[in-house]
Structures are given as C-alpha cells and as structure tokens.
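The structure under discussion appears below in the form of structure tokens.
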Amino acid sequence: MKLIKNGKILKNGILKDTEILIDGKRIKQISSKINASSSNIEVIDAKGNLIAPGFVDVHVHLREPGGEHKETIESGTKAAARGGFTTVCPMPNTRPVPDTVEHVRELRQRISETAQVRVLPYAAITKRQAGTELVDFEKLALEGVFAFTDDGVGVQTASMMYAAMKQAVKVKKPIVAHCEDNSLIYGGAMHKGKRSEELGIPGIPNIAESVQIARDVLLAEATGCHYHVCHVSTKESVRVIRDAKKAGIHVTAEVTPHHLLLTENDVPGDDSNYKMNPPLRSNEDREALLEGLLDGTIDCIATDHAPHAKEEKAQPMTKAPFGIVGSETAFPLLYTHFVRRGNWSLQQLVDYFTIKPATIFNLNYGKLHKDSYADLTIIDLNTEKEIKSEDFLSKADNTPFIGEKVYGNPTLTMLKGEVVFEEEK
C-alpha cells in the first residue's frame, strides 16, 4: 500500500489538508488524517502541495507508428506523465492510419508495450484519412476505439460527414472534427490578418474553420450525433457552437493553451515554432475563446501536443509542418497566466483538465474518490521554474514557450497506484 501525506485536495474550490491511502490500483481512503501503521506502507510526502486527479488530454499526437523520428508512444506518454496527464487520446494521422481492426490491434500492442500512461486511441473516419471512403464503424467500435476522427485534416464533403455521423450514431460513438475547409486555406502558414501582411507570410482566414463547423452542427442536428470540435480558434466558431448548444444540438468543443495565451501579434517573424493549425488568431478571437470557455460554450482544454523533429521546424514557416508540443507545459502556463493573476479559480483550471473532458466523453476518470483508480498528480503551486528544452521528456521541443517562467509544475504523477513520473530531486 501507499500513503500520500501532507497533501491538499480541492473540495468545492477550497484547498483542504488531505491524506490518501492507496491499496493496489485504487484509492482506499481519503481523509484529513489517516492512521496507518503497517510496515508495508510506502509513504509519499506531498510537501503541502496540491493533489489533483490525473489530467485527461483528448487531443495528442504520439506519431507512432510511422513518425518515430518526431515522437514515440513511450516518449510522448513520458511527456504526458511529466505534465500531470494520466489519460491521453492520440490522433490517427500516423502511418499506417488506424482505419481497420488490424491496424488498431497493432497500435494497441505497441501501446501495451511502451506507454507510460493510459492511451485511448481514436480510429479514423475515412480510410487513410483520404476523405473518400468510410471506415467500418461497427467493427472498429466493437474493437473499443475511443471515438472517430480524421484530425490533421478536415472531412471536406458534407455528404461524407453526414454518412459518418449516421454511422457514429449507430455505434454510439462521437465524431471528433478538425474543422478546415481546404478551399479556403490558400496555402496559408499563419492567421490571415495585419501581422501576416506585415511579414509577407500567406494567411489562413477565420472562415476556413468556422464555415465547416457551421456545416457540421447542422448535420449533427439532423443525425443526433455527438459532434466534438477540436482546437476552436475563432470568434465566429464560438458563436456557431454557442448557438448550436442553445438549439439543443449535441456539440462539445475544446480549446488549446496556445490559443488562449497567444495571438498573431506574438509571432516575431518567420519562426516556425509559432506555426500551428489552426493558427494563432487575433486578440478579438482570443478574447472570444476565453469568454466561451468560461460560459461553457467550450467544454475543456486539450493540448494538441504535436511534436516535430528539429530539422523540420528549422524550415521557414511556409515549408515547416504545423504544430507545437504542449503536454509538459499546458497546466503550468495556464496556472501562471490565469489562476495566479486572479482571472480563473484553481478549481476551474483543474476541472478543464479533468472532470470536464472525462464527462463529455463518458470516461470514468478525472476524479478522486474512494475505490476510484489512483490516477493523480501532485503539483507544486508555489515554486517558479523556467521552461527549458533540456528538461523535456518529449523527443521534441518545438514550442514558443521556451524561457517562460511558470508555477504549477507537477512533481509526481501516478497511474493506477504506480508512480509514472517523479521530479528529480
């Protein structure tokens, strides 16, 4: 057994002194004081820090199979554990794509061999993510895939998305969508606005995202499908999702830390560490995202952790791949910028990473109580640390946040009662 002493948990927004007794994989007792005298008990000193439920990230890219030069299941899940995550859901833009039962089984085998945290894989919506032929939803659902998505690309035709939603309803699984109309991208590498004009870099307009969301929420209404929108980035998208929810359509949405923290004006020049998809938008868009998150239009935060090799990101923005890493920096950045400055409560932030994503996808994770799995993370809210690439457990360090000084760093993460990350002393 394990006993975590000298910790604090959030109860109705208030930090309470807490000890947690763990028996095997599950929590046996949570109390302000636990008297356990057995010599078999391993004591973990939380040192007065927060004990939070293990975080749930419904949007990561682990790159394996096919992209192991960028990231592997092992390195990506080590990075997740360092960031406090105990459950991650990897996107299907791998090679091969998890679009058949055989490919999903091969992926699960890899996961079972090297994953450091719980991994719930998505299956693709269309074969090879080519947008022309649906996967076998029934067989893949029976195989236990988390949900269906073609993330990395948008489903370009309404007829294909309509057919996919009807199949998803039959198997009672969500459709998760990267919303991007290819006919409106115009070869863009950042947001289309004043800053892109100043830099002479082609831009992607807001409507490339929002028109596809508008299309899809109507299809979701017609089919009754649970439709989840990935990485919302524009004010128009927030408005469409808000209106859809008011109309009773089953739509949920996520937002990334970088879209909450940065705008097009933060792009210093031709620096591919500021290139992600969707791109960093205007400050007006960022404010709409913050408002949407706080009023419940946007349901949760997801990292869209997207690692790339150094040589790939060393290219100009017009040639480099989209994406930044985020698993190891998400919570500290948001805690530092929003909670410490009094804009959010600590309870709100923890919920965005735990119970909110778990609830919208009907996952029995993201909470701490008697008999639940001992999935948790201990977080130091008071010590300032600098984000350094040499500290990353990910294979990649493509992020604009290197050098930022942050609070709220996880010091230990536990999955089913086993320590999967512990800060070096």
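Note: Cβ is positioned from N, Cα and C throughout, glycine not excepted.
Around D304 (active site), the C-beta neighbours below 8 angstroms that are at least 6 residues distant in the chain are H59, V60, H61, C230, H231, T256, M276, G323, G326. As annotated by Swiss-Prot, active site applies to D304.
Following the DSSP three-state reduction, the secondary structure of D304 (active site) is coil. Among the features that Swiss-Prot reports, Zn(2+) 1 binding site is placed at H59, H61, D151, D304.
The substrate binding site annotation in Swiss-Prot covers H61, L62, R63, N93, N277, H308, F322, G323.
What Swiss-Prot lists as Zn(2+) 2 binding site is D151, H178, H231, and the listing cites sequence analysis. Cβ-based neighbour count (10 Å, all protein chains) for H231 (Zn(2+) 2 binding site) stands at 22.
Its Cβ placed at the centre, N93 (substrate binding site) has 21 other Cβ atoms within 10 Å. Each residue contributes its Cα atom, and for H178 (Zn(2+) 2 binding site) and N93 (substrate binding site) those atoms are 12 Å apart. Secondary structure from DSSP puts H59 (Zn(2+) 1 binding site) in a beta strand. Residue pair N277 (substrate binding site) / D151 (Zn(2+) 1 binding site) shows a Cα separation of 11 Å. Report note: the Zn(2+) 2 site is defined by D151, H178, H231, and the residues of the same chain whose CB lies within 8 Å of the CB centroid of those residues, excluding them, are H59, M91, T149, G152, V176, A177, C179, E180, C230, N277, D304.
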